[in-house]
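Asks: Next up is a structure, given as structure tokens.
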There are 2 protein chains.
Amino acid sequence: MNKYIYSFGGGQADGSKDMKSLLGGKGANLAEMTNIGLPVPAGFTISTEVCKYYYENSNTYPPELEKEIDSALRALEETSGKKFGDARNPLLVSVRSGAAVSMPGMMDTVLNLGLNEETVAALAAGIGNDRFAWDAYRRFIQMFGNVVEGIEYQKFEHILETIKKERGVEQDTRLTAQDLKTITLSYKELYKNEKNEEFPTDPKIQLQRSIHAVFGSWNNERAIKYRQINKVDESQVFGTAVNVQAMVFGNMGDDSGTGVAFTRNPSTGEGGVFGEYLMNAQGEDVVAGIRTPKPITALKDDNSQVYEQLISIFDILEKHYKDMQDVEFTIENGTLYILQTRNGKRTGPAAVRIAVEMVEEGLIDEKNGLLKVQPEQLDQLLHPMIDPAQKKNFTKLAEGLPASPGAVSGKVVFNAIDAVEQADTGEKVILVRAETSPEDIAGMHASQGILTARGGMTSHAAVVARGMGKCCVAGCGEIVVSEADKTFRVGDKVIAEGDIVTLDGSAGEVYLDHIPTIKPTVSGNFAKLMEWADKYRQLGVRTNADTPADAQVARDYGAEGIGLCRTEHMFFEEDRIFAVRQMIVSETKEQREAALAKIFPMQKSDFKALFSIMAGLPVKIRLLDPPLHEFLPKEKRDIVALAREMGITTQKLEEKIEQLHEFNPMMGHRGCRLGITFPEIYQMQVKAIIQAACELKKEQDMEIVPEIMIPLVGDINEYKIMQKYLEPVIKQTMKDNDVELEYEMGTMIEIPRAALTADEIAKEAEFFSFGTNDLTQMTFGFSRDDSGSFLKQYVNEKILPEDPFQSVDQVGVGKLMNMTVDMGRKVRPGMHIGICGEQGGDPKTIHFCHQIGLTYVSCSPYRVPIARLAAAQAALES
Amino acid sequence: MNKYIYSFGGGQADGSKDMKSLLGGKGANLAEMTNIGLPVPAGFTISTEVCKYYYENSNTYPPELEKEIDSALRALEETSGKKFGDARNPLLVSVRSGAAVSMPGMMDTVLNLGLNEETVAALAAGIGNDRFAWDAYRRFIQMFGNVVEGIEYQKFEHILETIKKERGVEQDTRLTAQDLKTITLSYKELYKNEKNEEFPTDPKIQLQRSIHAVFGSWNNERAIKYRQINKVDESQVFGTAVNVQAMVFGNMGDDSGTGVAFTRNPSTGEGGVFGEYLMNAQGEDVVAGIRTPKPITALKDDNSQVYEQLISIFDILEKHYKDMQDVEFTIENGTLYILQTRNGKRTGPAAVRIAVEMVEEGLIDEKNGLLKVQPEQLDQLLHPMIDPAQKKNFTKLAEGLPASPGAVSGKVVFNAIDAVEQADTGEKVILVRAETSPEDIAGMHASQGILTARGGMTSHAAVVARGMGKCCVAGCGEIVVSEADKTFRVGDKVIAEGDIVTLDGSAGEVYLDHIPTIKPTVSGNFAKLMEWADKYRQLGVRTNADTPADAQVARDYGAEGIGLCRTEHMFFEEDRIFAVRQMIVSETKEQREAALAKIFPMQKSDFKALFSIMAGLPVKIRLLDPPLHEFLPKEKRDIVALAREMGITTQKLEEKIEQLHEFNPMMGHRGCRLGITFPEIYQMQVKAIIQAACELKKEQDMEIVPEIMIPLVGDINEYKIMQKYLEPVIKQTMKDNDVELEYEMGTMIEIPRAALTADEIAKEAEFFSFGTNDLTQMTFGFSRDDSGSFLKQYVNEKILPEDPFQSVDQVGVGKLMNMTVDMGRKVRPGMHIGICGEQGGDPKTIHFCHQIGLTYVSCSPYRVPIARLAAAQAALES
């Protein structure tokens with residue numbers, strides 16, 4: 001028989017922290033904390049198996065579930081000494097979701113469950129506080145009505161506001177027990193009108209419906225969106241568990257309270273507890289940012305005993321979980337309860353600092369330290385930061401909390417819909433809100449950064465922004481947001497939608513206009529982490545760089561060479577595009593060679609500059625790849641101008657353009673197909689490469705081993721014909737310079753047929769480099785330029801798990817890659833094989849590259865550290 | 001030690017007919033004929049191994065070759081009783097090329113070798129004929145000078161013509177021995193001036209150089225072109241052999257002669273000897289078409305004994321080789337010699353008749369009969385013929401010999417270069433020449449048909465045209481061709497370049513203007529051959545047909561169903577394109593559905609018509625494939641007109657067009673990607689298919705099993721989502737009709753990723769059909785629309801053996817196909833898998849499809865019989 005329910009309480013639990021996929025993160029940790037003796041309110045967890053069953057069986061439950069719930073309830077009654085629905089000592093419970101992956105605020109929660117006319121009286125009598133009991137009851141009806149039965153939240157709020165107005169009070173706390181009773185009655189009436197039934201009084205029915213609502217909330221819009229954004233693979237982690245737990249109250253009076261704390265600073269990683277609390281409040285009050293909470297250290301003064309207990313529990317939790325914890329707690333009449341612990345979300349800089357310091361503290365070893373940082377998080381450490389030298393030239397608008405670091409500029413928008421719409425058109429936007437709520441998730445994701453007027457460091461905005469790695473300034477009390485007018489005010493300054501601001505999330509500052517940024521360096525903890533990564537990784541990490549500037553950045557970030565230098569970008573530069581165009585419109589080989597002779601010295605100096613920066617590290621140069629028409633103008637007036645400049649008729653130039661026009665240029669006359677029809681182009685390029693290397697050897701005694709890469713090979717004969725054309729030029733250039741150079745010649749693998757015949761090609765080619773952009777295009781038959789019209793839908797509807805242009809499709813493209821490696825190395829054992837498509841900087845792709853035994857990955861300069869870490873993790877995890 | 005030379009003569013030979021690849025076709029057959037006792041002049045063959053050695057070792061020979069030639073010469077001297085270079089009884093030899101595949105006239109030949117001042121005298125004395133001896137000598141010098149030493153042919157001709165003018169004679173035969181001596185001297189002088197040496201007198205040097213020339217001629221331009229056109233795979237058949245053979249002379253007087261004959265009619269296949277001869281002539285005189293020869297039956301009168309002997313030899317040869325033979329013979333002073341036999345080239349109709357009649361005569365069995373016809377040859381039987389009803393409305397210009405059947409129309413051109421140039425622009429041309437020569441090959445290939453003024457049924461034009469399967473009217477003496485003016489005259493009619501004529505190669509008639517043609521039927525021998533083919537083939541043969549007309553043709557030709565019905569062609573029809581465009585510019589799903597509702601009844605009746613014709617045979621329908629922009633106009637004025645017609649602004653229509661524009665439409669928003677974004681389109685199509693089948697079942701009790709094919713699937717999830725959208729529509733339509741139908745749903749395999757994940761896709765898809773057009777595009781990264789700029793060069797330079805859009809690339813694309821079949825059938829044993837790309841009608845591709853175990857091939861209607869035969873041959877050969 002299946003076991004669907006796992007109880008915890010009274011110092012022992014059925015579950016443990018290793019049962020996350022069954023019990024969800026929250027449930028597993030509640031069990032674990034119970035087992036290690038921490039004060040956790042008793043309760044039970046309905047496993048994710050039930051959720052699976054629910055969705056696989058048209059929203060029904062396993063038949064034995066009801067009995068299991070009953071017996072779990074009885075056990076809970078025993079542990080707590082209270083009874084569900086009892087008229088004297090009633091048991092109240094919370095019903096909370098909890099999936100295997102943390103999805104904060106995405107699914108439903110119901111609190112104070114078990115209240116009705118009878119039990120509310122018992123509660124009031126028991127604690128001698130009528131007002132508290134009726135407040136709990138009206139909150140329960142509001143939550144149940146909204147969350148479980150779908151009655152609009154605003155309708156409840158309207159009743160509350162009406163009574164407050166009638167009573168002439170502003171704060172809820174000023175309402176009397178009688179007021180709350182009146183509100184409760186009105187709520188019930190509202191409920192009856194909306195649902196055509198009385199508000200359910202039977203706690204069992206309340207519980208059944210609440211459980212049902214929580215399971216249903218797995219597939220609400222917000223939750224689906226969250227999983228999309230966070231790329232949650234539902235085939236791996238499906239469904240939520242439901243946690244039913246005895247209520248404890250932080251709002252029973254001044255010796256009660258509730259709080260949230262991180263065992264280390266989640267924004268900077270600094271050691272020491274970091275958190276906030278509110279006395280006489282429920283948990284929602286802290287995270288929703290409605291009242292501004294006190295820092296955790298202030299608790300020492302409010303209740304030093306509880307504070308000491310809490311600090312020691314934090315210490316126990318961090319040592320037990322070996323990670324920074326995000327803890328929720330409640331103090332009920334002076335007694336501390338821990339309601340939740342989980343690994344805390346953190347910014348990139350915090351992740352690095354925490355990982356390195358935990359290693360230094362001896363809590364974890366280097367390997368585990370490396371695994372604690374998600375490679376993508378490093379992006380935040382590499383992103384530009386505000387240039388300190390420039391700051392003084394700009395107007396500082398306001399200062400708030402440094403909720404999530406980074407420096408971003410953009411146009412302000414005032415709601416999530418505008419944020420998404422404008423971002424879709426390519427606009428960079430900053431989302432400004434009084435406070436954020438789970439409905440804003442998509443808008444936050446679409447924004448460069450978030451600015452809120454209210455809420456602390458653990459407010460919704462701050463937590464979510466850090467999770468997303470987005471810059472955020474929170475609790476910026478100086479600003480007054482008018483969502484209706486789409487403006488915000490700071491003193492007498494009014495900032496309207498579309499105005500540009502810059503946020504400095506590390507300093508918590510807001511500036512008017514766009515402030516220039518600078519590139520951060522790799523130092524301190526970051527450098528240490530990179531050092532460890534290099535120690536454990538097996539994959540090499542190179543960079544894709546076409547310019548000396550890019551090459552320099554990549555070297556600073558630890559690139560071990562250039563994996564792809566695209567020579568065509570050099571062709572576009574202003575001082576040479578004219579000669580390039582002359583070459584293209586040439587009628588004869590002689591004319592073409594004359595034009596190429598003008599380009600030659602420029603190409604040579606390009607290569608010389610690149611080689612110099614890489615100072616002996618390998619540099620892989622891809623010969624001209626794009627179709628020639630890309631170099632010619634498209635607009636009539638540009639054509640006229642060019643024709644005049646070139647001294648040919650417009651008509652002739654237009655004819656040439658027409659002649660070069662292609663229906664599907666991606667599969668047209670490009671790559672080595674150009675090299676075969678116009679060998680003189682590649683011959684010029686190869687000569688420039690070898691000449692540059694020869695000169696550096698003579699002038700600076702610098703040993704360069706150029707790697708010459710032929711693009712778009714699909715058949716060994718294409719490669720052979722290129723060898724025939726190019727090798728004599730290479731030999732001759734070395735001879736003319738009286739220099740002997742080592743060099744390598746190899747090919748891109750970017751055409752499916754090249755992968756399918758890799759054994760043949762490996763007979764001649766000395767290396768392979770996967771051009772996964774083209775390989776993905778051809779393998780899927782997706783043009784990257786055109787797939788926008790359907791690819792988004794494909795990813796949203798999970799037809800494809802991910803955009804294959806961002807992360808290599810391991811099933812299809814990966815199969816070709818795997819075949820290539822096997823077949824290639826069979827013919828040429830140990831041949832070096834890399835990847836230089838854009839996916840080369842994607843951590844998942846890097847794991848895959850490690851698995852299939854590639855020699856190195858090559859990525860854009862700013863992703864080099866990410867690749868180094870991902871490569872290390874791949875090695876450690878395999 | 002290698003054996004390089006194979007002698008024959010005196011009733012025995014070293015070689016045999018099975019040694020073609022070593023001795024070439026000619027050499028192997030000379031050996032064979034010697035062995036079976038036929039009168040063959042003795043000689044020896046230098047094997048193709050030497051040719052290989054020659055090209056692999058920078059044009060040098062194996063060291064032992066010279067000795068072997070010497071000893072073969074000594075043996076030849078013994079057999080013939082003559083001596084090489086002997087002043088009394090000199091041995092004269094011919095030196096001829098002979099490759100494993102017949103390449104008539106493409107390589108070099110030297111005759112009368114061994115003559116010099118001494119031997120010419122001996123020859124004259126020996127036969128008592130000065131004139132003959134000197135004529136032989138001057139011919140030898142001319143041939144050696146031209147062929148071996150590269151002196152322009154015209155220079156020799158000029159000397160000859162000058163003397164003829166001086167002597168006032170028109171025909172060579174009128175020149176005296178003295179005249180010929182004078183010519184010989186002038187020839188030698190010419191030789192000395194051109195080559196800076198005396199004409200070589202040593203027969204051994206003459207022989208060495210001639211052999212060298214023949215080996216070199218393997219790679220002359222003509223020979224290379226011939227091999228390209230005829231797709232000779234040099235990795236299989238490389239190099240020519242050289243045949244050195246004692247000379248026999250057909251021009252020794254009136255009891256000498258020479259001829260060429262086929263053992264059956266090579267044009268029609270009719271039984272009985274078919275050939276021509278000339279008395280007192282050399283072989284070149286017959287084939288070059290300079291003198292018009294006599295039909296072979298006339299030989300009975302000239303020399304009945306030789307005639308009888310010849311007829312009996314023909315009989316022996318045909319029975320021995322079990323095929324129609326093309327025989328060259330010479331009569332020297334009344335003695336018959338056979339100089340060559342080979343399997344005769346024949347037209348398609350002849351091939352079919354010969355194969356069927358040989359089976360009926362008991363000479364071969366059905367299987368061998370099937371193997372005797374090249375599938376491509378059937379094309380000639382299927383090509384349109386002149387509509388007899390129309391003939392009378394056109395002017396017959398002239399009548400010639402029915403040299404190669406067929407009916408073609410085109411613009412006349414007067415030389416090979418014009419033919420190639422105009423054909424390259426897509427023009428259909430008829431090449432008109434006084435007579436053709438090997439230099440015309442490329443022009444003949446580029447033309448629709450050939451018309452010559454001179455030459456018989458075995459003239460160059462006739463033989464080559466039949467080999468190519470081109471329509472040809474030869475020896476049309478009524479026409480006078482002026483190549484300089486680019487006109488031809490018939491009486492007082494002048495036909496100029498660009499005028500249109502029609503040739504009827506079956507009747508030997510030439511008409512002015514274009515005459516309509518009709519489709520031939522499959523009957524008689526052709527039907528018999530097809531019947532045998534169906535008996536032995538294992539592959540099914542279906543057709544690609546989009547219209548009832550195409551479907552009818554295909555059924556008449558034996559198609560067993562439709563393998564591909566492209567529904568988009570239906571969308572283009574004039575009466576519905578408007579609704580299609582309405583659908584495309586729709587802003588909402590509702591608008592789109594309204595437009596689709598208009599298209600639905602038309603689609604339904606399309607399918608009903610197709611199903612009716614196929615009458616229960618399977619019909620596979622591909623849902624809409626091309627991107628939507630293909631249905632919208634491109635030109636401004638068409639856009640304006642359409643916008644007005646549709647009642648929308650031009651700007652709006654232009655915006656829609658702009659929005660649908662794609663950079664690489666081949667890899668864009670098409671196929672099932674459309675089906676996913678606009679499910680209502682496919683739903684309409686599927687409903688139309690099922691509705692059509694239901695109605696036929698109800699109305700005519702016709703059982704249709706529609707096969708619904710989803711295009712462009714690359715991932716199983718695409719297929720699943722289509723199932724989800726379409727299956728309910730199918731079920732509902734059947735329910736609405738109260739009809740239960742069987743149907744199948746499956747997918748094209750045309751995206752490499754589909755092939756790579758065929759096992760996944762086979763879990764759901766009930767059938768596969770290879771779309772080898774797209775699969776080839778994606779696997780190679782070649783856009784078919786754009787690859788013209790390099791693909792020709794690729795094939796010419798042998799980078800690729802063939803155009804992969806004509807014949808499936810077995811190495812790359814074939815590997816994916818093979819994987820697909822293996823993986824697909826592993827999951828779904830016995831699943832039916834076809835091919836519907838254009839290569840499906842290519843015999844080589846059909847062989848491949850048989851090998852990898854496909855269920856059927858589908859091809860255009862006119863290729864159905866070709867596919868049936870190719871499938872049978874594939875089965876017989878495996």
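Including glycine, each Cβ sits where the backbone N, Cα and C put it.
Bear in mind that TrEMBL entries carry predicted annotations, made automatically and left uncurated.
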Asks: From A:Arg622, A:Arg637, A:Arg673, A:Arg828, grab the residue that TrEMBL records in the same substrate site as A:Arg566, A:Glu750, A:Gly771, A:Thr772, A:Asn773, A:Asp774.
Replies: A:Arg622
Asks: Checking A:His460, A:Arg566, A:Arg622, A:Asp774 - which of these recorded positions have a CB within less than 8 A of a chain B CB?
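Replies: Of A:His460, A:Arg566, A:Arg622, A:Asp774, the entries that lie near chain B are A:Asp774.
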Asks: So, do the domain 'PEP-utilising enzyme mobile' (A:427-508) and the domain 'Pyruvate phosphate dikinase AMP/ATP-binding' (A:21-58) meet, by the test of 3 or more Cβ pairs under 8 Å (sequence gap 6 or more)?
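Replies: When sequence-distant Cβ pairs are counted, the domain 'Pyruvate phosphate dikinase AMP/ATP-binding' (A:21-58) does not touch the domain 'PEP-utilising enzyme mobile' (A:427-508), since fewer than 3 lie under 8 Å.
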Asks: Go through the chain and flag residues at least 6 beyond the ends of the domain 'Pyruvate phosphate dikinase AMP/ATP-binding' (A:21-58) whose CB is under 8 A from any CB in it; none is fine as an answer.
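Replies: Apart from its flanks, the domain 'Pyruvate phosphate dikinase AMP/ATP-binding' (A:21-58) reaches 2-15, 65, 69, 72-73, 75-76, 79-80, 93, 96-102, 211, 215, 218-219, 237-248, 313, 316-317, 320, 335-342.
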Asks: Which one of the binding-site residues (A:Arg566, A:Thr772) has its C-beta surrounded by the most other C-beta atoms within 10 angstroms?
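Replies: Output for this query is A:Thr772.
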Asks: Using a 10 Å radius around its CB, how many other CB atoms surround A:Asn773 (substrate binding site)?
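Replies: Other Cβ atoms within 10 Å of A:Asn773 (substrate binding site): 16.
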Asks: Which value does the mean pLDDT take for the domain 'Pyruvate phosphate dikinase AMP/ATP-binding' (A:60-304) in this predicted structure?
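Replies: Summarising the domain 'Pyruvate phosphate dikinase AMP/ATP-binding' (A:60-304) by its mean pLDDT gives 91.
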Asks: Could you give me three numbers for the domain 'Pyruvate phosphate dikinase AMP/ATP-binding' (A:21-58), the DSSP helix, strand and coil residue counts?
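Replies: When I sort the residues of the domain 'Pyruvate phosphate dikinase AMP/ATP-binding' (A:21-58) into the three classes, I find 24 helix, 4 strand, 10 coil.
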Asks: Give me the CA-CA distance between A:Asp774 (substrate binding site) and A:His460 (active site, tele-phosphohistidine intermediate), in Å, as a whole number.
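Replies: Taking the Cα atoms only, A:Asp774 (substrate binding site) lies 41 Å from A:His460 (active site, tele-phosphohistidine intermediate).
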Asks: Look up A:Thr772 (substrate binding site) in the DSSP assignment and reduce it to helix, strand or coil.
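Replies: A:Thr772 (substrate binding site) sits in a helix per DSSP.
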Asks: At the level of the C-alpha atoms, what whole-angstrom distance separates A:Cys836 (active site, proton donor) and A:Glu750 (substrate binding site)?
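Replies: With the alpha carbons as reference points, the distance is 10 Å.
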Asks: Rounded to a whole number, what is the top Cα to Cα distance in Å among the residues the record ties to substrate, namely A:Arg566, A:Arg622, A:Glu750, A:Gly771, A:Thr772, A:Asn773, A:Asp774?
Replies: 15
Asks: Across all the protein chains here, work out how many other Cβ atoms are within 10 Å of the Cβ of A:His460 (active site, tele-phosphohistidine intermediate).
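Replies: There are 23 such Cβ atoms around A:His460 (active site, tele-phosphohistidine intermediate).
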Asks: Other residues near the substrate site, CB within 8 A of the CB centroid of A:Arg566, A:Arg622, A:Glu750, A:Gly771, A:Thr772, A:Asn773, A:Asp774?
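Replies: For the substrate site, the extra neighbours are A:Leu564, A:Asp625, A:Pro711, A:Met748, A:Ser769, A:Phe770, A:Leu775, A:Cys836, A:Gly837.
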